[in-house]
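Novice: This is the feature table in TrEMBL:
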- His112: active site, proton donor (ACT_SITE)
- Gly14, Ser15, Asn16: N(1)-(5-phospho-beta-D-ribosyl)glycinamide binding site (BINDING)
- Arg70, Met95, Arg96, Ile97, Leu98, Asn110: (6R)-10-formyltetrahydrofolate binding site (BINDING)
- 4-184: domain 'Formyl transferase N-terminal' (DOMAIN)
- Asp148: site 'Raises pKa of active site His' (SITE)
Amino acid sequence: MLTKKIAVLFSGSGSNLEAILKKVHNQIFNGVKIEVCLCICNKPGAFGIERAKKFGLETLVIESAKFKNREEFDAVLVEQILKSGADLTVLAGFMRILTPVFTAQIKAINLHPSILPLFKGAHAIKESFESDMMIGGVSVHYVSEELDGGKLIAQRAFEREDGMSLDEWEAKIHAIEHEILPESIIKILTKEVNV
Ligand code: GRF
């Protein structure tokens, strides 16, 4: 059986990590077994670390705040990911800007809570909610040197309902994220092309 390995990087709650562990980890799709071989978090105490434990996975904590600069932090990430043998790296709520040290060496995908190229950056949920747009949504894209700028893999939108609150808007986004990210991983790793 062909096994494909993924590394998952996160910074906080880890609900998307949990969606991956529930829907993808150690499961077979089209004759391909997908396994989460490495979890990395840059914030000690992040709730995602507990979520990973429930699935029997230890998280490697690499504290970004302790590094002199982004490049040095990225070099350690790269080293660990290459060592793990991951075929694909998944940024699931990993709140770091990555440098070419990372982007040139690691094939990675990122989840972003808006319909890109609209609302790039760390405040996409609030900014899209406060805009005049009648739809919100989620994007999954390849990671490139440009923040939230690599080639799109999948997007899914929803319609704004009358009187929708920010909490409802955010809940809609998270529900879509928990579907679209696992689906994208499966799509990429079961395709007859090299990732
Ligand atoms: C998600 O909304 C993701 O799009 C954004 O950060 C959030 C992470 O949520 N980049 P979680 O940690 O997976 O619960």
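The backbone N, Cα and C atoms fix where each Cβ goes, glycine too.
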Novice: Relative to the Cα of Leu98 ((6R)-10-formyltetrahydrofolate binding site), which of the recorded positions Gly14, Ser15, Asn16, His112, Asp148 has the closest Cα?
Specialist: Asp148
Novice: Over all shown protein chains, what is the count of other CB atoms within 10 A of the CB belonging to Asn110 ((6R)-10-formyltetrahydrofolate binding site)?
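Specialist: Looking across every protein chain shown, the total is 25.
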Novice: Count the Cβ atoms, other than its own, that fall within 10 Å of the Cβ of His112 (active site, proton donor), considering every protein chain shown.
Specialist: 23
Novice: For the recorded N(1)-(5-phospho-beta-D-ribosyl)glycinamide site, enumerate neighbouring residues of the same chain (Cβ within 8 Å of the Cβ centroid of Gly14, Ser15, Asn16, site residues themselves excluded), in sequence order.
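Specialist: Apart from Gly14, Ser15, Asn16, the close residues are Phe10, Gly12, Ser13, Leu17, Glu18, Ala19, Gly48, Arg51, Ala92, Gly93, His178.
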Novice: Restricting to the chain of Asn16 (N(1)-(5-phospho-beta-D-ribosyl)glycinamide binding site) and a gap of 6 or more, list residues whose Cβ falls under 8 Å of its Cβ, or answer none.
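Specialist: The list for Asn16 (N(1)-(5-phospho-beta-D-ribosyl)glycinamide binding site) reads Phe10, Ala92, Gly93, Leu111, Glu177, His178, Leu181, given in order along the sequence.
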Novice: If you measure from the Cα of Gly14 (N(1)-(5-phospho-beta-D-ribosyl)glycinamide binding site), which of the recorded positions Met95, Arg96, Asn110, His112, Asp148 is the nearest?
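Specialist: Of the recorded positions Met95, Arg96, Asn110, His112, Asp148, Met95 has its Cα closest to that of Gly14 (N(1)-(5-phospho-beta-D-ribosyl)glycinamide binding site).
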Novice: Are there residues of the same chain, six or more positions away from Ile97 ((6R)-10-formyltetrahydrofolate binding site), whose CB falls under 8 angstroms from its CB, and which are they?
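Specialist: Long-range Cβ contacts: Arg70, Leu147.
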Novice: Checking proximity to ligand 1 here: which binding-site residues out of Gly14, Ser15, Asn16, Arg70, Arg96, Leu98 have their Cβ closer than 6 Å to it?
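Specialist: Listed by sequence, the hits are Gly14, Ser15, Asn16.
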Novice: Work out how many Å separate Ser15 (N(1)-(5-phospho-beta-D-ribosyl)glycinamide binding site) and His112 (active site, proton donor) at their Cα atoms, rounded off.
Specialist: 14
